[in-house]
C-alpha cells in the first residue's frame, strides 16, 4: 500500500512521490531510486515533522539514539572481588597455608575469601542496579514536532532520523541536526573541536549542528539526520567504550585506603617481628616451623580489613539510590556525596527554586505606553512568544493571560497577525524579538524583555544582538523617570516587569530603527509554600543561603523578606565596581544575596567563597548561563526543569521543584558519611587492637593463639559488620569535612586503649590466678588451650562491641543502632561463646567473666572517647532528628536573623577546607586493567578542578 508522505530532498510535492510502508522507503514511480525514511536525501516537513508511521519506520531502519556499551558480565563482577591489594594478601596467606600443608587453615582462609567474595558480589550487584536506575532518570528531553506538528517532550534516546526538533539555549545537541529555520545558533563545540570560541550555525561551518555540542544562544528548528553511532561523535565514543571503562573515586576514599594500607604495612613489620621472635627467641623454628609460620600468618590475616572497600562503596551507592527515591535528588557523581555532606553555604537562584516559577500576569496592573491600552500590551507580548516553549515560565504566563483576553483575541483575528519568525531570548541580550505579518501584508517587529534593554538596547553597553534600537521617547527624562518610578513601585510590591515595544516594519531592513514603547507587563512569581521552612531548616543544619538572581534588587529584597532570608542584598554591579579585592571579598562573604547579576557574577561569588574563604559552596541553577557557576561550585545543583547544559555541569539533579530536596540530600549525605566514618574507625581500630594484642602477647610471653581461631575471628568480624551499610545514622548539625586525620586519631585511640585494657586484664588474671580452669600466660609457648581460648573470646567480644561506640557521635546510649546490626553482633558473640565453651573447653564461668570484663571495658572506653573527641576538636555537636522541615517563626526581626547568622558563620569558620583540598581532586581508575596490572601498577591519580560521571558510562545513553 502506498500513501503520500514527506518527500525526498529537492523533489517537489508531486504525484509521483510515494512511500512504500512495507519496505520503509520513498520512491518515484518508474524509477529504481529508493530513499530511506530519515536517510540521505530525506526532507521532513519542517512544520509537521514525521508521522507516527514514519517514526516507526525510521526507528526500525536506523535504531535508537543510543551508543551501545559493553555490559560487565556477572562472572567478571564476581572475579573482581578477588582483585586488589587486600584480597591479594589474603590469597597469599592461603598459598602459604597450602605450602606448609596446613589444609585446615587453608580451607578456612579459602572459605573466608569465598564468603567475602560472594557478599561483595551480592552487594556490588545491587549497588550497580541502583546506579543504573539513577542513570535512566538523568536522561535529557527535547521538544519534537510529530504527527501533524504536535509539540511533545521526548527523551533524547527516542529521537529518530527525520525528526524535527526545537533547540533552545542550554540544550545539548543529542544527534546530528540540520538547521531548518529560526535564529542563527551559537554553539559551544569544545567537546568536539577543543576550541573555546562558540561557532555560528548556519555559517562558515555549514548548517549541521553536531551531536555533543551545547547551544549557547538562539532558538531554531532542525531535522535530525543521524543518531547513535552514526553521528560524528557517536562512533568515536563507541570505539572508546569498547577499549576502556573508568570509575571515579573521591579523595576521601583514596585517603581512607592509604590509611588502611599504612596500617597493613605496619602490621606486616610486626608480623615479621613475631615470626622472628617466635622462631628464634622462643625456638619455634626448631620445634615446629610450620606452626611458627602459621602463627605469624594468622596475625597478618587479622590485620587485613578485606571487607572495608566493599562497605564503603555499597554505602555510597545505596545512599545515592536513597536520595533519588526518597528525596528526588539524583547524584551524577558518587564522590559528590562527600561535598554535599560538607556544604556550608548555598547560593540559590530565585525563580523556580525559591519561587514557584508559575508566573501570573496581573492585568489590572499593566502599564500601557502612550497610544496603547492594556489589551495592546498583552496582544503584542503574545505575538512575541513561542507556543512551543512550554517550559518557559514567561511565555507560558503571557499566552495563558492572552487566552483569557477576549478583546485581544478579537483584535488578533481582525488584523490577521501571524508570527513569521522569532529571535529567542538569551541571557546576554535579555530580550526576544518577533517578526509579525498582518493579513494586509504590513509587517511589525515586536520586542519583549528587560525594560532597560527594550527601551534602549545600548543600555549597559552595546550587545551582540543583530538588531539595535531606541524607543522614540528613550531620551525623554520625564518619561524615563515616570517609567523608573512605576518599575520601582511594582518591584517593591514583588512584581517582575517586562517591557514591550513595536516597530512598524521589519527592523532587520532598517538601520537604527525607532521603536514605539507599548508598555510594562507586571507578573508575580510567589514563593513556594515550603521555601521559608526549607531555609529555616538549612539554617538549622548550619548552611547559609545566599539568593543570587537576575531580577531587580527590590524584587529580591521583598522575596527575601517573605521567605525568612536576610535583606542585605546588593545589586550585581556593586560586585563589579568595588575598589579593591578585599572589599569585594568582604561584600560577598557578608551579603545575604545579590540581584541584577550577570552569569560572571554568579561564578565569581562561588569562586571567592570556595577559594578565598575555603567554604564548601553549593550553587543552584537551571539555564545555560548558570553552567559556569554550577561547574565552579563543589556542589552544583541543577533544579527541576533545568537545561541540559546545567544538568551536565551539576553534581546533583533535582526532580522535584524547590529547595526541600536539597535539605533532604544534605541530611542523608551526612548520615552516609557518619556510617562510613564509623565503620572505618571501627575496622581500623579492630585491626590495630588484634595485631597489637596478639603481637605483644608473643613478645612478652611467647603465647600464641591458635591460628585457626584467629582466622575465624577475622572472618566473623567481616561478616558480622555487613549490616553497617544499613545502620541507622544521625545527621549532625555541622557540616562533615572529609578529614582523614581525625579518623586516624580515633582509630589509634580505640585500638591502643582496648589493647591496653586487654593486656591489663590478661596479666592481672595471670598474676592472681583467681579464675576457674588453667590460665597460664606465664608458661609462654606452652600456655594452655584454655588460655588461648580466653584470649580469643575476649578479642571476639571486644571487637564486636567496639562498633557500638565507634558508630555513636557522642555516648553510645544516645545513638540507636539498627536491629540488624544488634542481631548480627549478638549472633557473633553467641557463636564465639559456643566455640570457646564447647570446642575449646573454656569453663562457663570464665565465659561469663569475659562478658563482664568486656562490658565494663566498653563503657569505660566510650566515656573516654567523648573526652578524646573534645581533645582533638572532633566533638559532634547537635544532631538533627528526622527529615521534617522546621516550623518557621513568624515575623522574626532583622536583629534576630542577624544574630543567628553570626552563630552560623562561627560554624562556617570551623569548617574551612584546607587549602590543598579546595580544588576537588578525584582519582580516575581504569577498570579493565588485568589482575597484575592492578596489583603492581596501582591506581593513577589525576587532579582536576571538577569532576562528573559522564553518561556514556551507563548501560544505555543518548549519543
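From the backbone N, Cα and C atoms, a Cβ is placed for every residue, glycine too.
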Per TrEMBL, the range holding transmembrane segment, considering 213-240, 297-324, 325-352, 353-380: 297-324
Annotated transmembrane segment segment (source TrEMBL; candidates 82-100, 139-157, 158-176): 82-100
Stated TrEMBL location of transmembrane segment, expressed as one of 657-679, 680-702, 887-909, 910-932: 680-702
Transmembrane segment according to TrEMBL, located in which of 256-277, 388-409, 410-431: 256-277
Contact check, the transmembrane segment (680-702) vs the transmembrane segment (256-277), 3+ Cβ pairs under 8 Å, seq sep 6+: yes
Contact check, the transmembrane segment (106-121) vs the transmembrane segment (789-806), 3+ Cβ pairs under 8 Å, seq sep 6+: no
Stretch in 741-765, 789-806, 849-868 most in contact with the transmembrane segment (818-837), if contact is a CB pair under 8 A: 789-806
Contact set, same chain, for the transmembrane segment (789-806): CB under 8 Å, 6 or more residues outside the stretch: 678-679, 681-682, 685-686, 689-690, 693, 697, 703, 705-706, 709-710, 713, 716-717, 720-721, 724, 746, 750, 754, 758, 761-762, 771, 775, 812, 817, 821, 825, 828-829, 832-833, 835-836, 840-842, 846-847, 850-851, 853-855, 857-858, 861-862, 865
DSSP helix/strand/coil residue counts for the domain 'Cation-transporting P-type ATPase N-terminal' (41-102): 35 helix, 4 strand, 23 coil
Tertiary contacts of the transmembrane segment (849-868), as residues 6+ beyond its ends and Cβ separation under 8 Å: 745-746, 749-750, 753-754, 757-758, 761, 771, 790, 793-794, 797-798, 801-802, 804-805, 808, 810-812, 833, 836
